[in-house]
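Visitor: Pasting a structure below so you can have a look.
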Amino acid sequence: MTLVDLVIRSMRKNLKHYYLYFFALIFGVTLFFIFSTLQHDSAVVEQTDLSAKMASGFQAATVLLFGILLIFVTYANDLFLKRRSREIGLYQLVGLTKGAVSRLLIIENILLGAGAFIVGIGAGMLVSRLFLLLLMKLVGYEGFVNLSFSGAAFLQTAVVFAVLIVITSFRMFWKIRRSQLIDLFNDDKKDEHPKQPKPILSALLGILGIAMIGIGYWFANSEYMMTAFLFFNMLLVLMLVIVGTYIAFRVTIGWLMTLVRKQQNGHIGLAGALSLAPLMHRMKANAKSLTVITTLSAMTLAMAGFAYSMYYSTEQETRVRVPHDFLIDEVGEGNEGTSAEIAAQFAEDLDSAGIGYTQQPITYLELTGAFSGENLPDLLNWEGNTVELLVFDTRELKAAGLDIEEPETGEATIHNNGISWLLTKEVFPVGASVAVDGRTEKLNVTSIGTQEVASGYAGVYTQLTLNGETFDRIKEAAPAESHRPLVAFNLDDKGDLAEASAIFKNYREEMTLDFYSTYKESLSYNGIMIFITGFLGLAFLVSTGSILYFKQMSEAEQEKRSYTTLRQLGFKTGEIMKGIRRKQAFVFGIPLLMGLVHSVFAIKSVSFLFTSTDITMPVTIAMIAYALVYLAFAILTIGYYRKTIQAAL
Amino acid sequence: MVTNTNQPHGRTVLQAHQISKSFGSKLNSTEVLKGINLQVREGEFVGIMGPSGAGKTTLLNVLATIDRPTSGTITIDGQETSKMKDAQLSTFRRDKLGFIFQDYNLLDTLTVKENILLPASLGGLSKKAAEEQFNDIAGILGIKEHGHKYPHEISGGQKQRTSAARALVNHPSMVFADEPTGALDSKSASALLGTLEDVNKSRGVTIMMVTHDAVASSYCSRVIFLKDGAMYSELYRGDKARQAFFQDILNMQAVLGGDRVDAR
Ligand SMILES: Nc1ncnc2c1ncn2[C@@H]1O[C@H](COP(=O)(O)OP(=O)(O)OP(=O)(O)O)[C@@H](O)[C@H]1O
Ligand SMILES: [Mg+2]
């Protein structure tokens with residue numbers, strides 16, 4: 001029998017272990033090829049006018065994807081090698097040299113990799129158009145894009161895959177070279193012996209794990225987080241949570257289970273014997289991989305949830321920054337005439353295009369002033385500094401369609417979206433002294449508004465809104481050159497926005513004055529982001545899910561003898577399956593649950609970025625999607641167990 | 001067929017009629033059991049001996065409802081198991097039968113006590129009653145103080161006694177054992193056989209045991225000899241001392257031939 005015969009035989013025999021790995025590999029190639037294609041295809045790049053953003057986004061994605069694939073493939077390979085160690089030992093026992101055995105495995109590995117590559121590229125070519133359409137839809141592009149086969153993408157994918165195969169082959173070679181025959185026969189039995197844990201130590205460590213996670217959560221959402229050491233704090237939180245998670249897996253869960261088991265005093269029952277007992281004694285060995293899976297799950301989930309929230313809230317968040325459909329001011333360069341004159345021309349154009357609108361002149365005062373208050377946040381360092389202030393009249397803003405509160409006489413509301421998250425309720429009231437014509441006018445700032453009041457000033461200038469009476473008094477006193485006239489336009493039918501935006505471009509180029517352009521721009525950014533994170537998340541999910549599946553598959557095999565015994569003792573498949581389902585609920589549920597909780601806290605700590613949108617909905621949807629994929633893997637696993645148990649007698 | 005008299009007159013626990021068993025496809029099948037008739041009365045300790053490949057394990061598995069006969073009927077405790085469906089059989093095994101395996105088949109992840117109490121877990125037994133059962137049987141088998149240990153922490157003999165305790169905890173009508181002493185040294189083997197004999201006598205548990213070992217089968221009250229899938233003969237111990245019975249068994253083995261090497 002030649003080596004090739006042997007390879008073919010062993011591959012056929014191991015097919016049922018390989019098929020999911022093979023599938024995951026194909027999935028990786030396909031995704032990689034598609035990302036690469038979208039990044040390299042010149043037609044896409046030119047026609048969509050997204051070149052720079054897209055290229056860098058996809059570049060980052062391909063690097064990440066390579067990382068995910070590398071971890072997944074090496075991990076899966078190690079797992080396979082371990083479960084096949086007895087077979088490898090047997091080959092050596094019957095006289096194959098270590099060199100021949102590693103050749104055999106490497107040929108297998110290359111065949112698998114090459115097969116996955118070919119199928120993956122084929123699948124990639126078939127579905128890349130679909131992906132492109134999806135991407136175009138997400139970024140709001142409505143043109144027709146042609147997609148051709150990209151040689152560069154093919155080459156990039158091929159190189160990356162070759163690297164992957166070489167790395168894993170080398171690892172195999174190295175592992176076999178190092179291995180002792182006796183270890184090979186015991187390898188799949190390692191960590192098999194359950195141990196009695198030391199009660200006090202594990203109780204202490206067990207509590208420590210949970211405490212570290214709790215402190216991390218609390219710290220991330222506390223006031224101590226937002227200091228000059230923000231970056232350092234973030235690292236600290238990350239470390240606390242990751243180490244806490246590891247301890248939780250390695251000690252806490254096992255410790256809690258020990259308590260439960262002690263309580264049972266030997267009356268463990270069938271379900272417990274099939275879930276509690278094997279989980280407990282494998283927890284230690286699995287702690288590292290579970291921590292990695294959980295941490296990465298949390299990160300992907302947070303990323304995907306965040307991206308989806310961004311995408312979902314694009315319109316509302318854009319409205320916060322750009323409240324008027326169009327705003328005409330007179331500070332821009334190269335425009336002829338005052339804002340009123342330009343407004344008149346723009347209105348004329350809108351009329352002739354048959355677009356209905358309302359227009360409202362808004363005059364604001366450009367003044368300087370300073371803030372004072374007991375609870376002003378350090379980060380702002382307002383004390384004693386003079387800042388530029390734009391003072392608006394609530395009456396005019398309301399007439400322009402803004403939904404804002406009118407302050408009392410002598411009071412003001414502050415608007416500055418860039419810093420609004422720092423201005424919590426406790427900060428107010430704040431005193432504002434506004435310099436008007438040599439005098440200072442004292443105002444009492446009582447609250448913060450939820451949005452900017454004029455397009456184009458987002459996050460740059462601090463705006464104050466006053467009621468009519470106060471505004472008129474200050475306007476009277478302020479010199480004429482501080483009066484700034486604006487004209488706000490709002491369309492009756494928002495369906496006309498695209499057309500009106502094109503007309504508006506004849507007068508003003510600044511995108512920030514034009515709601516529609518700003519919106520489109522944000523949408524395309526967020527669209528790309530959700531596309532990338534979504535698919536990276538999926539690649540990640542599929543790989544972690546399959547790793548859990550592989551692990552369970554080998555556990556099922558290791559426990560086959562126990563199932564035989566149980567069946568002989570008179571337990572029915574259905575009764576045994578009850579315990580198995582409980583075990584799977586833990587195996588998939590615990591990393592999922594911990595990942596979900598981690599990501600909830602992660603998203604919560606950045607949720608201040610979403611000023612006007614409730615992101616519960618998009619985050620929940622992202623999480624449900626995530627949970628569903630895990631559920632699918634859990635069901636696959638349970639199916640595998642059922643087959644094993646049915647075949648056990 | 002050579003038969004001894006002195007048959008005990010208890011209630012019939014197991015009745016097998018014309019059991020045959022073939023393996024393989026219809027076209028290419030080998031008949032491993034060839035029409036075996038057997039009756040076991042309550043409180044008997046039956047040994048099954050015979051050369052390797054004679055069909056001992058197959059017979060035991062078929063009688064113990066782990067495998068099905070190709071034809072023939074088996075009645076245990078008045079119920080015809082050969083007609084039962086799989087699910088019914090499982091329940092039946094759990095409630096009525098006990099098993100001791102050659103390589104113990106303990107669950108590695110369970111403690112000794114958990115292993116022993118496992119069959120009781122679905123029987124609807126109260127925790128207190130189960131605890132009593134455990135104390136009772138573990139006391140008899142001398143493994144009570146090892147209850148909290150895991151299988152890898154105890155000796156082979158202790159493992160086998162755990163396996164026996166698990167088989168006995170449910171008060172089965174009948175216990176089946178396939179070479180229970182096969183993996184034990186002679187000292188642990190005779191300790192186990194001694195306790196089995198005790199349990200057999202004191203509790204009146206019916207035991208059927210496959211063994212290669214003439215010493216082991218000398219603890220039995222009756223030994224059945226199989227050859228080529230058929231009953232070759234049987235020996236009753238009657239009132240004989242164990243040593244005398246052992247001699248009888250050795251003689252029978254000599255007649256039977258082929259398997260002397262295995263007798264220790
Ligand atoms: N599942 C099976 N499929 C096919 N043939 C089988 C099967 N099980 C047993 N046999 C055959 O039936 C015959 C009897 O086997 P069995 O295991 O009952 O022998 P045994 O008396 O227990 O032998 P030993 O003393 O070696 O354990 C053997 O020839 C064996 O090859
Ligand atoms: Mg046998």
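In case you wondered, yes, glycine gets a Cβ from its N, Cα and C as well.
Curation plays no part in TrEMBL annotations; they are all automatic predictions.
I grabbed these lines from TrEMBL:
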DOMAIN    A:62-180  domain 'ABC3 transporter permease C-terminal'
DOMAIN    A:535-640  domain 'ABC3 transporter permease C-terminal'
TRANSMEM  A:18-38  transmembrane segment
TRANSMEM  A:58-76  transmembrane segment
TRANSMEM  A:110-132  transmembrane segment
TRANSMEM  A:152-174  transmembrane segment
TRANSMEM  A:200-220  transmembrane segment
TRANSMEM  A:226-249  transmembrane segment
TRANSMEM  A:290-311  transmembrane segment
TRANSMEM  A:528-550  transmembrane segment
TRANSMEM  A:585-603  transmembrane segment
TRANSMEM  A:615-641  transmembrane segment
Visitor: Can at least 3 Cβ pairs under 8 A be found between the transmembrane segment (A:152-174) and the transmembrane segment (A:290-311), with each pair 6 or more apart in sequence?
Guide: no
Visitor: Quick test of the contact rule: Cβ under 8 Å, at least six residues beyond the ends. What residues does that give for the transmembrane segment (A:110-132)?
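Guide: Non-local partners: 7, 11, 18, 21-22, 25-34, 37-38, 44, 145, 147, 149, 154, 157-158, 161, 164-165, 169.
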Visitor: Count the CB pairs under 8 A between the transmembrane segment (A:226-249) and each of A:18-38, A:58-76, A:290-311, then give me the winner.
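Guide: Highest pair count goes to A:290-311.
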Visitor: For the domain 'ABC3 transporter permease C-terminal' (A:535-640), what does DSSP give as the number of helix, strand and coil residues?
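Guide: With helix first, then strand, then coil, the domain 'ABC3 transporter permease C-terminal' (A:535-640) has 96 helix, 0 strand, 10 coil.
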Visitor: Looking only at the domain 'ABC3 transporter permease C-terminal' (A:62-180), what is the mean pLDDT?
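Guide: Overall, the domain 'ABC3 transporter permease C-terminal' (A:62-180) comes to a mean pLDDT of 84.
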